Ligand code: ATP
Ligand code: MG
């Protein structure tokens with residue numbers, strides 16, 4: 001679908017709820033630019049930038065990056081793509097971050113992936129990631145074509161340092177206390193759309209149908 005006006009979306013869900021996978025599909029089907037806070041942070045860690053070195057140990061422990069650091073990082077990236085439609089994945093993760101985004105851009109839609117915590121715990125410990133692209137695989141239900149290798153580039157897959165059982169528990173706790181209030185924030189603005197389920201492949205068609213409808217309404221309203 002070709003977008004005729006700028007469309008700004010956010011995807012929210014607990015760690016391992018499938019945000020990365022669904023975001024990839026959204027950006028492919030609808031042409032939104034995908035901005036993932038986790039991918040940006042991991043790229044900094046990988047490249048051993050000053051910021052990456054500073055943040056690695058707290059991220060590995062499952063703690064959130066301070067709001068002002070995160071907001072500056074993301075808002076700077078958004079400024080560079082101001083004329084494009086985008087999808088934010090992993091930001092905002094606190095009400096403070098949502099407020100700082102709101103001061104600059106209004107969000108058209110927030111996609112909430114509602115996946116039970118026990119499903120997530122099982123998933124994350126069998127997850128393998130291609131760090132440069134953020135592509136994820138699961139050894140149980142979405143394995144790579146060649147074991148240990150990314151399907152597109154053939155490069156090696158790794159297990160994230162923060163996908164250990166203890167850290168996953170801490171990340172889920174952080175989600176509950178700090179990110180769930182963001183859902184309420186967007187619900188009260190009337191832009192929250194919740195999709196519940198345990199499998200990404202079953203949730204995706206609903207997200208796709210919803211966005212098709214939403215975007216054709218928006219396109220008609222400018223035509
Ligand atoms: P998933 O595993 O599905 O990618 P996640 O939310 O656990 O979800 P990322 O979004 O990749 O993982 O983020 C990894 C880590 O980076 C977080 O645990 C946190 O430490 C840090 N982080 C990412 N985004 C933010 C943010 N908006 N605010 C604060 N910390 C963040
Ligand atoms: Mg992610």
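Note: Cβ is positioned from N, Cα and C throughout, glycine not excepted.
According to TrEMBL, the GTP binding site annotation covers 16, 17, 18, 19, 20, 21, 127, 136, 137, 200. Annotation source TrEMBL lists AMP binding site at 37, 42, 63, 64, 65, 90, 91, 92, 93, 97, 160, 171. Feature annotation from TrEMBL assigns domain 'Adenylate kinase active site lid' to 127-162. What TrEMBL lists as region 'NMPbind' is 36-65. Feature annotation from TrEMBL assigns region 'LID' to 126-163.
Non-local neighbours of the domain 'Adenylate kinase active site lid' (127-162) in the same chain are 16, 20-21, 24, 36, 38-39, 42-43, 46, 59-62, 168, 171, 199; each lies 6+ residues outside the stretch with a CB under 8 Å from one of its CB atoms. Each residue in the domain 'Adenylate kinase active site lid' (127-162) gets a DSSP state, and the totals come to 0 helix, 12 strand, 24 coil. Here the CA atom of residue 91 (AMP binding site) lies 15 Å from the CA atom of residue 16 (GTP binding site). Proximity to residue 160 (AMP binding site), judged by a C-alpha distance within 10 Å, picks out 127 from the binding-site residues 18, 20, 127, 137.
A Cβ distance below 6 Å to any atom of ligand 2 is met by none of the binding-site residues 37, 63, 91, 93, 160. Here the C-alpha separation of residue 37 (AMP binding site) and residue 20 (GTP binding site) works out to 11 Å. The Cβ of residue 65 (AMP binding site) lies under 8 Å from the Cβ of 41, 55, 58, 59, each on the same chain and at least six residues away in sequence. Annotation: 37 carries the greatest number of neighbouring Cβ atoms among the binding-site residues 37, 63 [cut-off 10 Å, Cβ to Cβ].
Residues 16, 17, 18, 19, 20, 21, 127, 136, 137, 200, recorded as binding GTP, reach a greatest CA to CA spacing of 14 Å.
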